[in-house]
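What TrEMBL says about this protein:
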TRANSMEM  B:7-28  transmembrane segment
TRANSMEM  B:34-55  transmembrane segment
TRANSMEM  B:62-80  transmembrane segment
TRANSMEM  B:86-105  transmembrane segment
TRANSMEM  B:112-131  transmembrane segment
TRANSMEM  B:161-179  transmembrane segment
TRANSMEM  B:209-234  transmembrane segment
TRANSMEM  B:246-271  transmembrane segment
TRANSMEM  B:283-305  transmembrane segment
Amino acid sequence: MAALTPLLKARGLKRHFGGVKAVDGVGLDLGPTGVHALIGPNGAGKSTLVGLLSGRITADAGIIEFAGRDITRLPAHARVRLGIAYTFQVTSIYPRLSVEDNVTLAVRHPSGDVTTAARAALARVGLDIHARQIAGDLSYGHQRLLELAMGLALTPRLLILDEPTQGLAAGEIAGFSALVRDVARDASVLLIEHNMDVVMDLADRITVLDFGRVLASGTPDAIRKDRAVQAAYLGA
Amino acid sequence: MTGGVRVWALHLAVLVALALAPLVVPPYHATNLARIMVLAVFAMGYNIAFGYTGLLSLGHALLLAAGMYATGLLVAHGGWTAGPALLAGALAGAGVAFVVGLLALRTTGAAFMIVTLMFAQAGYLTILYFGDLTRGDEGFTLAREARTLFGLDLVTDATRYSAALALFAAGLIGCLLLVRSRTGRVLVAVRENSERTRMLGYDPFRARLLALTLSGLYAGTAGAAYALLFGYVGASFATVQYSVLALLWVLLGGAGTVLGPLVGTLVMFYLVDFAGNLTDATLFVVGAALILLILFARTGLLGTLRARALAWLP
Ligand SMILES: Nc1ncnc2c1ncn2[C@@H]1O[C@H](COP(=O)(O)OP(=O)(O)OP(=O)(O)O)[C@@H](O)[C@H]1O
Ligand SMILES: [Mg+2]
């Protein structure tokens, strides 16, 4: 995998908010498949970093390449069309539309059967039986799964998940992990996650962020053993 | 009946009822209805921007006036015939909306209301400034002989009614096709959650600009038709009153419902008419009606009907 050109390559990314160096010179390589976890304490800059990658936040400096193309100046919606899907840390759905209509909006291929594709995405997260319900009436955990289904319906090459298991019940997390593993077979998954069991279970690689900088990056084993990480984050 | 058949059946039934109305109602009401249908086209346009896309504009009088003055001036001073002038009026509405949108859509919420209001105010003052041509507040009338379309004399009651109905039918069917299309669903998505919609790969700015331009097309067409059918072009149509009226008609009938603008325009027209028989303070009656609306049917007449009984109403 290392020999392949990375799907996404970021160098020297920087974004400051006033005096806060939210992201301060971060580089990142993501392969075409597999799960790459992004961890770090609260306020480390994880959401800001994925905001830069997805285009929701503009970078002060640095470059981002996706599939060999410079996307640094591309607006967010154009990046989505290239195959970068993003799920929000704070659930963002259409609460007044039906569950099915939420997902249908994400299905893009103009030919094929939109409804079938939407139903398939809902089935993957186990929400197909709620298709007709109003999205705002779903439980919080189900709303998170709905957002994941919208991400799947985009059929992305890179799926960015910002704390997807927050608010899921223990039983739902197992199903979620299986789903992410399945997606990561033919797409790249960038996963921000506080639940270390989930991270260690899913991640092929881990990048640790602290004060807007990369503290360490490597395999789960290497990260577990890393002294600096233990001191700063794993808090052992 | 499947959802689609039911929806089309209802809207076609409304058009048939409007077509039969002149046979059963006195001529006075038929003339009223012709006027209501033209104004309802304006309201339908407002509904595309406000009801479906969530753009609360206070400048739509400018778009109505753009169509009305483009058509009126071309006929009165340019010697154009009604057909091309009508087309020019429709395009003037769309064109002005597009240009205003390019600038105003950089803002949202209260700022958008103020910017659109300012554009409309500038338009009104422009009409007054070119008083030699427009005759300012007084306005001007169109010569009887200029008001014929495809050989039809728009001055007689029957043809005027038919022309208004044809225009309204085209607007209604166009609106129904739009809101049931994928584009229509994206407009609603932008209204409901703009940031989410961007992150599904749609450009919210483009969607809003499209909605505003279509809205301007409707408003411009309504203004142009008003000039031709009723033979009068006046600056009062460019005042903020008409922007607010469009908002009120849509709110009363039900924002984000296809038939709401017609219902709102119709009810408000007869409310004012009825109030005028009782008192000089017609605005007091209108105000009271709006307070009742806000208290008991916040989503408008058809919005409430949809929530209570007819969930399938588009
Ligand atoms: N829009 C903003 N304006 C000002 N400061 C911001 C903004 N967004 C983030 N920050 C600050 O930047 C820093 C990094 O925030 P970020 O949300 O990226 O952290 P995070 O790693 O995602 O944290 P968490 O684990 O709590 O989600 C924080 O100090 C935060 O307060
Ligand atoms: Mg975060």
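Even glycines carry a Cβ here, placed using N, Cα and C.
Beyond the transmembrane segment (B:209-234), the same-chain residues lying 6 or more positions past its ends with a Cβ under 8 Å from any Cβ of the stretch are 34-35, 38-39, 41-42, 44-46, 48-49, 52-53, 55, 57, 60, 63-73, 75-76, 82, 85-86, 88-98, 100-102, 105, 134, 137-142, 144, 147, 149, 154-155, 160, 163-164, 167, 171, 178, 183, 187, 190, 246.
If you look at the transmembrane segment (B:112-131) against the transmembrane segment (B:62-80), you find at least three C-beta pairs under 8 angstroms, all six or more positions apart, and that counts as contact. Counting Cβ pairs under 8 Å to the transmembrane segment (B:246-271), the top-ranked stretch among B:34-55, B:62-80, B:86-105, B:161-179, B:283-305 is B:34-55. If you look at the transmembrane segment (B:86-105), the same-chain residues 6 or more away from its ends with a CB under 8 A from one of its CBs are 45, 55, 57, 59, 62-64, 66-71, 74, 80, 112, 115-116, 119, 123, 149, 205, 208-209, 212-221, 223-225, 227-228.
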